[in-house]
Amino acid sequence: MLKVSAHKESFAQLKADVAVVLIIKKKTKHKWIDQEFLRALDYQAKSPLYHQQAKTLYIPLESLDVDSMREAGATTIKALKSYPFKSAKIGFYAQDSKHNSDATMLAYALGAMLGGYSFDKFLSKKQPSALREMLISLESYTTDSASATKERAQHFSKQLDEMKIIAHSVNIARDLVNTPPQIATPKYLASYAQELVKDTALSCKILKKQELKKQKMGAYLAVAKASSKSPRLIHLSYKPKNPKKKVVLVGKGLTYDSGGLSLKPSDYMVTMKADKSGGCAVLGIMNAVAKLELDIEIHGIIGACENMIGGNAYKPDDVLISREGKSIEIGNTDAEGRLVLADCLSYAQDLEPDVLIDFATLTGACVVGLGEYTSGVMGYNQKLQLDFTQSALDSGELVAILPFNRHIKKLIESKIADVSNVSSSRYGGAISAGMFLGEFIRESYKDKWLHIDIAGPAFVTKEWDINPYGASGAGVRMGIQFLSDLSQRNK
Ligand code: BES
Ligand code: ZN
Ligand code: ZN
């Protein structure tokens, strides 16, 4: 990953192969902007532009807010891929604006760290970027007193280190989700988790098929049945001394979702390697919390399995008995994520969490409803939903609350079992799926639980924001932000 570092030298003093200058349309006036050059080209600041004589790369910036800055960081790195420069420098010099704040500079840095990602493992001809380093000038700090400058700079560098941890964690999730399904099996994810914990404060427990049977996870096991790849429940734990709270995260880890006997049409099956995105997000978050040394006990539960077809497959009309003891009538084997999650959420509640959050690429309906950039937030506790929403938006990920209601709850009633895995209506599919999960949340945990449907942003087919083609690592940034905000709130 790109190395980003902060320096007390002025932008002019910093030595790098290329200077990066951010431009908001034609309005920006600054000594680093060669107005004559730009006017001659009638530059509209819509795409990056390289000024050879000045060794300067102009990067368009939509506005001075953090979201635009993050995106500009990604734009910079992508533009620099076509140049041979090893190092680049950037300064944030708009003296009179919030442009100078730590938050915007950090957002730019995160965009730069995440925007350059590509999954090139299987490309014979890789096109690696020459760029190794991005130097940030903290010039704008030097107006304060010397000791204040030093203190602020140290604080900034510390925050920059945290950004590196976050970016690395996002890329862990991206790499795993992008890994093709014949390689990234449940067993592969389990081995990955066991490797990951080796140099961290995490521990890892793996439950195989026999243990899942002992756990009476009838819903999870039914989904996994037809696959030649056996399921793995991955349980990661982070237990600091004197934790203030206990949080359990659960992730849907379908290493492939063919739809099962309710087989998906070909066009819809493509990208279903990304149905493990929730689980991979949990892995990424767990990596971060251990490195950030949060003072919360955190568990990550990943329900990994594959939804396939075959003589042994579970069927529409089957009735399953879940770990909570509730019976489920199967209306569609493609609504499998909620079955795996029902049993994993049951297991999670036995850990007695203060907060319980699941991440899942659960429904196409969520994508239809919110668009492909936004995740759905659901649950029974409005305050918790609002807190999570705030953290998510602060992290740079988009979310929106989808409200439960008693009418939709009736749509998942079954005549022969306690609940049906599909809704009787074609509308409100994201909420009915969320409310199905809610059926497996015990009364005493209803106010502690959140469901996050990341089906929209998890996999990117046309790049947007800081997300290149492929897995985005959706859920990782919002999850980390929520947990660090929670630990701050406890102080
Ligand atoms: N994994 C899919 C949901 C999905 C769809 C994720 C598109 C990402 C992009 C899930 O298991 C599924 O197939 N859901 C069905 C539910 C239906 C059968 C009730 C869906 O959304 O169509
Ligand atoms: Zn499905
Ligand atoms: Zn699925």
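The backbone N, Cα and C atoms fix where each Cβ goes, and this holds for glycine too.
Heads up, TrEMBL stuff is auto-annotated, nobody curated it.
If you take the C-beta of Asp257 (Mn(2+) 2 binding site) and look for same-chain residues 6 or more apart in sequence within under 8 angstroms, you find Lys264, Met269, Met272, Asp275, Glu306, Asn307, Asp334, Glu336, Gly337. Asp257 (Mn(2+) 2 binding site) carries a strand DSSP state (E or B). What TrEMBL records for Lys252, Asp257, Asp275, Glu336 is Mn(2+) 2 binding site.
Annotated Mn(2+) 1 binding site per TrEMBL: Asp257, Asp334, Glu336, in sequence order. DSSP gives Glu336 (Mn(2+) 2 binding site) a coil state; it is part of no helix or strand.
The DSSP secondary structure for Lys264 (active site) is coil. Look at TrEMBL and you will find Lys264 (among others) tagged as active site.
Residues 219-220, 222-223, 252, 254, 257, 259-264, 275, 307, 313-316, 320, 322, 360-362, 421-422, 433, 436-437 of the same chain, all 6+ positions outside the domain 'Cytosol aminopeptidase' (332-339), place their C-beta atoms under 8 angstroms from a C-beta of that stretch. Here TrEMBL flags 332-339 as domain 'Cytosol aminopeptidase'.
Taking the Cβ of Arg338 (active site) as reference, residues of its chain lying under 8 Å away and at least six apart in sequence are, in sequence order, Leu362, Asn421, Ala433, Phe436, Leu437. The active site annotation in TrEMBL covers Arg338 (among others).
Each of the binding-site residues Asp275, Asp334 was assessed for Cβ neighbours inside 10 Å, and the highest tally belongs to Asp275. Glu336 (Mn(2+) 2 binding site) is surrounded by 29 other CB atoms, counting those within 10 A of its CB over all protein chains shown. Among the recorded positions Lys264, Asp275, Glu336, Arg338, the residues whose Cβ sits under 6 Å from any atom of ligand 2 are Glu336.
Only Asp257, Asp275 of the recorded positions listed as Asp257, Lys264, Asp275, Asp334, Arg338 bring a Cβ under 6 Å of any atom of ligand 3; the order follows the sequence.
Spatially close to Lys252 (Mn(2+) 2 binding site) yet at least six residues away along the chain are Asp275, Lys276, Ser277, Gly278, Gly279, Gly303, Gly337, Val340, Leu341, Asp358, Phe359, Ala360, Thr361, Leu362, judged by Cβ distances under 8 angstroms. In the three-state DSSP scheme, Lys252 (Mn(2+) 2 binding site) is classed as strand.
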